[in-house]
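Quick notes on the structure that follows.
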Amino acid sequence: MVMQQYLLTYTGVVFALYLHHIIRAIEVPLDPNIQNELPQPPTITKQSVKDYIVDPRDNIFIDCEAKGNPVPTFSWTRNGKFFNVAKDPKVSMQRRSGTLVIDFRGGGRPEDYEGEYQCFARNEYGTALSSKILLQVSRSPLWPKEHLDLVEIDEGSPLTLKCNPPPGLPPPVVFWMSSSMEPIHQDKRVSQGQNGDLYFSNVLLQDAQTDYSCNARFHFTHTIQQKNPYTLKIQTKNPHNETSFRNHTDMYSARGVMETTPSFMYPYGTSSNQIVLRGVDLLLECIASGVPAPDIMWHKKGGELPTDKTKLENFNKALRITNVSEEDSGEYFCLASNKMGSIRHTISVRVKAAPYWLDEPQNLILAPAEDGRLVCRANGNPKPTIQWLVNGEPIESAPPNPSREVAGDTIVFRDTQIGSSAVYQCNASNEHGYLLANAFVSVLDVPPRILSPRNQLIKVIQYNRTRLDCPFFGSPIPTLRWFKNGQGSALDGENYQRHENGSLEINMARKEDQGIYTCVATNILGKAENQVRLEIKDSTRIVRGPEDLTVKRGSLVRLDCRIKHDSTLKLTVTWLKDDTPLYIGNRMKKEDDGLIIYGVAEKDQGDYTCVASTELDKDSAKAFLTVLALPKERPERPRDLELTDLAERSVRLTWIPGDDNNSPITDYVVQFEEDKFQPGLWHNHSRYPGSVNSAVLRLSPYVNYQFRVIAVNEVGSSLPSPPSERYHTLGASPEINPTGVQGAGTQKNNMEITWTPLNATQAYGPNLRYIVKWRQRDTRESWSNETVRTTRHVVWNTPIYVPYDIKVQAENDFGRAPEPDVIIGYSGEDYPKAPPTDIRLKVINSTAVSLQWNRVYPDTIQGQLKEYRAYFWRESSLLKNLWVSKKRQSVGFVGDRPRGIVSRLFPYSNYKLEMVVVNGRGDGPRSEIKEFTTPEGVPSVPRYFRIRQPNLETITLEWGHPEHPNGILTGYNLRYQACTLPFSPVNGTKTGRTLVETFSPNQTRFTLQRTDPISRYRFFLRARTQVGDGESIVEESPAPLNEAATSLPTTTVSLTSTTTIATTTTTAATTTTTVASTTTTTESAPTATTKQDFATNGSSIWNVKAFTNSNWANITWSHNFSAGTDFVVEYITSNNTVRSIPVKAQTPSSVQLADLTPGMTYQLWVFPKWSSPSENSYITFTTSSAYTKNHVDIATQGWFIGLMCAIALLVLILLIVCFIKRSRGGKYPVREKVEVLDHEDHKVDDPSFDYSDEDNKEPPGSHTSLDGTIKQESDDSLVDYGEGGEGQFNEDGSFIGQYTVKKDKEETEGNESSEATSPVNAIYSLA
């Protein structure tokens, strides 16, 4: 320990002896005594900055301080010439330094002292120089007077407002404000450039609402100068009010402003160059115009932007790179883009560098006849030149020194002698700046000196490592040797290690190493020595430490800590609990060999550490104490309540606590009961800590009190104690009045006054009553009053809705309460008398309109205005035959306001609207009805979306028209993608590319050809109008049939639970017939499990399903566990083989079981990874047999081909018979002909398409167009058959129509019957 303290004490005086390129140098210790004794050339310690700008209102201080022995003297040059300080009465130098002080208190111009100053510090061993200090006086010139014309510009055009601030020193900070000193709001459209100009990417009409003034703030003078403001006049093509465009989706098109591609406002052109110095910040700027305002992005050619020192500023228009280095050179380009296009500007950045140090020359201390060197290496761009000076003069013109040789950036000294001391300056300069460094060479001859205190004592623990220090100094550098107990030979050996700084290290201190050690430092000028005494001590050890214990609550515990230590060292024993110092309270006792704890409690459980320490070392031992807690219960109820210290308004209650039942009592709750107002009802009175059993209770007058006490611990509350005896306090007049006083009318000619009554502890006396007073506000009428015992009073025959002053005062037989506060109430309201007028509507979009109206006069409201309410209803849709609900809806506009918005309207509809005024009584008269029409919008989702999978090759999609078309449908968009189920729990779901299909508005069915039999599809269907696409409806295809599903035997899936057994369910899918046999293929309908709960928060698994094949099964399930939950699928075969598969968290939850045995029955469980399977919640499934026959396409079967041929032959024979009968002049009655005509005419006359909520039934063979017209698949009509529509009749009155399609209206036809040209004609001919 003493050794460590010594090292800390003398760290500052230990010197370093080192070799540098085979040249040894001496370092002077920091000991002030040695520093003051040794000669030392000057060293500059403080100087002003090179570019020194001063405030003209203050005195000027130019710093220059230096150290040396003897103390240096100072002189100055100004602009390269000697500056005689004594000749100028305003200039002086501070005492003991070279700092110049220029005092202007007596007058004078600071500008007269501008120039380049340099400080010289001299003593007899050399001269040190400061850097050249350029002194400049801060300036804040006035803004030149100028007249700024009105700036006229078209809306949407770019604009630059020039600032051109006066050149100050340092340059001013520029910012833009209005002439009223309001800041100009800046964003990506309007922003200030680095040159101070204000750039508008495009001007808007709103920009003319203010003027623009450039301001310059000067740092030193703390003044702000303002330029004359610019005033803008915006020429616009659409000079409407700003609010008319507020909600428009495209502000520029609404104003008639043409959108334009970006172009650069700064810098100009497509490329530019920029030079920056190493170590400073690089700032690149790009400002672009365009409509809309462009976005700016930055890139570096051939690389990435340095993220650790790159910052985007000014809305991404400026790129700042801090602390630039050579690696930041290159080409940067900014990309300006908007929706009309993009352009870019390339900036070529070159990094130059002012000189910077690689090796700065350091002070060199040498002994006589020693060698040394000064090195001055610097770098920069361009490469700096190195110039050496000695004592401020160029080394070329200095007196020759044979021991000195200059070799470029190095000065080599050989065989130096006393008197060769000097200060050398190295100047490294290029076109961007310079560096100046001072380094002195001092030649010293000093006899050896020992720097540590004499006769030190070092104590160390046996077998530890230790070090004996002997710091020394001398020139030439002395040699040091160590001796023990006065022995003649120096110490050496494997247990000793000597260091160059003079320290002797002992690797392992033993008893035999104890003794007196002597260090001797020697050089050619003499020697010095010192002694160190080393003592070896025994270590501190805990021979018996505490052990882990488990004890019962309330017992006594002893923790051992027996220690062995060196008797000559002071021992300290401390205890820690849970690694923090242990507070030794009255339940604990600390002994020499342990710790005793009496009445152990739960809070005593934890880690106990015994720490034994001396000044040199320490040891510790730890043990854990476990306290077994007895069962905790609610406390026993308190007993023996006693009332003492009876007073008029207080009483002392004392009780005896009950047993705490192993849980300390934390609180006592005192309750009271009174027998006048609420007998038998107990109220909480007060609460007290569990450490007390007596309390003074504050009481109220005229209450017959009875008390009881309830004890509370962490388990709960005890039973109430037996009640105390009763104590009746004396009465008094009330001290408070009722609260919650209100006055409001229930009818138009009354006012009901209500209040919250006083309770039993507030009445203070018998016969509590209330004096109610009222009068009309702001009148001189006297107060009316009424005394009541209830909590309400009604005043009748009041004017409509006028304010009243109300007071309610409590009174009992002892007197009245203090005078109450006045409350303002109102009499009853009547219905408003007038509606809003001049209602104006403006359609905002397809679902909202804005309203404006004139507010009604206050005297017509006849009450408190609640809101203006608009009633509106949908009169009709612009789509033909679309039924709409005309249910009235309303929206309220709270408060006295003249405008509002009605939203959530149906697009493409006719609406009607009327308004009323609403007060507390109800609605007023209705306004005139206004009509408006909402524009077309996007449609709602299709009414239904059904997906069927009739076989493995196709998927059929059917959908209904949108319930709310919201306009004229233009078609449907279907987006779908295939996703393959995982074949293992690890692979996940593979998703294919997205495909898109578009359909006409009349198409509501689509058949998809599958690419493979195992993929599932997800479909996104949405309807569209001319406005755009509506919301999509999403469905997935059914679970895929497995690869042999077309020929599998019946698969059975059953569910077993604790209460029910689900019956087997089979669903027929396809019937396939071959020549050899008939195979029935079924897909099992898996039965879901009952819900399995696994956590108290309601998490569970349900709907477990199995889709099986001969040797694999797809297992799916549903759950509501948190995202990221892993599952386990466990299954057992009929021969009791158990297998488990872990399933990582995924969506959907599924897994495939592979390598199953055909025809085998399995039991399967699904449960979370952290749980275990429930014994009675599993599903049972059976795999199919190993061989099934492939599905055969029905179109290729012989029986099907034969059947089709037979049908075709019968149809041909029927047609031949028809033609024969027709050629014989077949006839049919006119009545049937008329019925046919009527049927066709009915089709033509009713072409509407009904968008009602009911299913629409279209005529066969027709399609409904979007405009409501039914288009027949056949273009035939009765008008087109025959000529002119004139029918011909036979002599028996039958009608002979010529059902030939009309080819040309100019063609003439005969009266004879023509040949039948369609099957319809033939069928009618059969009649």
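Cβ atoms are placed via backbone N, Cα and C, with glycine included.
Automatic, uncurated: that is what TrEMBL annotation is.
The domain 'Ig-like' annotation in TrEMBL covers 42-130 (among others). Confidence across the domain 'Ig-like' (42-130), taken as the mean pLDDT and rounded to a whole number, stands at 91.
Under the heading domain 'Ig-like', TrEMBL lists 144-231 (among others).
Assigned with DSSP, the residues of the domain 'Ig-like' (262-350) fall into helix, strand and coil as follows: 6 helix, 55 strand, 28 coil. What TrEMBL lists as domain 'Ig-like' is 262-350 (among others).
Secondary structure of the domain 'Ig-like' (355-442) per DSSP, as helix, strand and coil residue counts: 0 helix, 52 strand, 36 coil. Marked as domain 'Ig-like' by TrEMBL: 355-442 (among others).
Positions annotated as domain 'Ig-like' by TrEMBL: 448-535 (among others).
Under the heading domain 'Ig-like', TrEMBL lists 540-626 (among others).
Residues or ranges marked as domain 'Fibronectin type-III' by TrEMBL: 637-732 (among others).
Residues or ranges marked as domain 'Fibronectin type-III' in TrEMBL: 737-830 (among others). Look at the domain 'Fibronectin type-III' (737-830): DSSP puts its residues at 4 helix, 47 strand, 43 coil.
What TrEMBL records for 835-937 (among others) is domain 'Fibronectin type-III'.
What TrEMBL lists as domain 'Fibronectin type-III' is 941-1044 (among others).
According to TrEMBL, the feature domain 'Fibronectin type-III' maps to 1097-1186 (among others). Secondary structure of the domain 'Fibronectin type-III' (1097-1186) per DSSP (helix as H, G, I; strand as E, B; remaining residues coil): 0 helix, 46 strand, 44 coil.
Taken from TrEMBL, the feature transmembrane segment covers 1199-1220.
The feature region 'Disordered' is assigned by TrEMBL to 1244-1327.
The compositional bias 'Acidic residues' annotation in TrEMBL covers 1247-1256.
Residue counts for the domain 'Fibronectin type-III' (835-937) under DSSP, split into helix (H, G, I), strand (E, B) and coil, are 3 helix, 55 strand, 45 coil. Taking H, G and I as helix, E and B as strand and the rest as coil, DSSP gives the domain 'Fibronectin type-III' (941-1044) the counts 0 helix, 52 strand, 52 coil. Residue counts for the domain 'Ig-like' (448-535) under DSSP, helix first, then strand, then coil, are 3 helix, 47 strand, 38 coil.
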